[in-house]
Amino acid sequence: MAQLIFITGGVRSGKSRFAEKRAVSLRPTSGSLHYLACGQPSDHEMKSRIARHQHDRASANVPWETVECPTDIGSVAPSLKENAVVLLDCVTTLLSNELFQNEDWRDEAFQQQTKQKIQNDIEKLNERSEALIIVSNELGYEPLNGLVDVYARQLGELHQWIVSKADEAYVVENGLPQLMKGEGV
């Protein structure tokens, strides 16, 4: 079983940059770096974010293997090389992509199946990698409507499940990572 690290924080808090640095630090000499990108260029903001993340990885002079993976992240597991360090960015987007593919999101059984699928896919990645780093966002607390309530509840449950499995968990604020779980806490 791989080392599992969870990194969360607000939008533009520096969590992806920290996750990339952490991944590079964990890569064995013979290992590879895999970036599973769940974001889709759906609007100008996402296009800018994706471009910034691509630029950051390219300028790091580290050989990232990027896989665009908006859904079904477990399908990547069989192709991972030995000693792979995998960075999954991000659970927030992955859940949205998986949950809102169609109108089934209203069905509680579908909600549970979606959460279970993501958990199973994370376990597949964890079994096949040297280290798995999972990035996600913290949500603001706004008045919830049906869709937002379902999403926030599912995301919160996923976060708790990931942290329960994680060796380390961080919250990043203003570019500063705070270790919340792991050695030294």
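Here, residue 1 is simply the first one shown, and the rest follow in order.
Including glycine, each Cβ sits where the backbone N, Cα and C put it.
Model, not experiment: these values are computed from the prediction.
The GTP binding site annotation in TrEMBL covers G9, G10, V11, R12, S13, G14, K15, S16, A37, C38, G39, E68, D89. In the three-state DSSP scheme, K15 (GTP binding site) is classed as helix. Within 10 Å of the C-beta of K15 (GTP binding site) we count 25 further C-beta atoms, all protein chains included.
Per TrEMBL, active site, GMP-histidine intermediate is recorded for H53.
The annotation coiled coil is assigned in TrEMBL to 108-135.
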Same-chain residues at least 6 apart in sequence whose Cβ lies under 8 Å from G9 (GTP binding site): K15, N137, E138, Y170, V171, V172, E173
Taken over the coiled coil (108-135), the model's mean pLDDT: 97
All-chain count of other Cβ atoms within 10 Å of V11 (GTP binding site): 12
Largest inter-residue Cα distance among G9, G10, V11, R12, S13, G14, K15, S16, A37, C38, G39, E68, D89 [record-listed GTP binders, Å]: 22
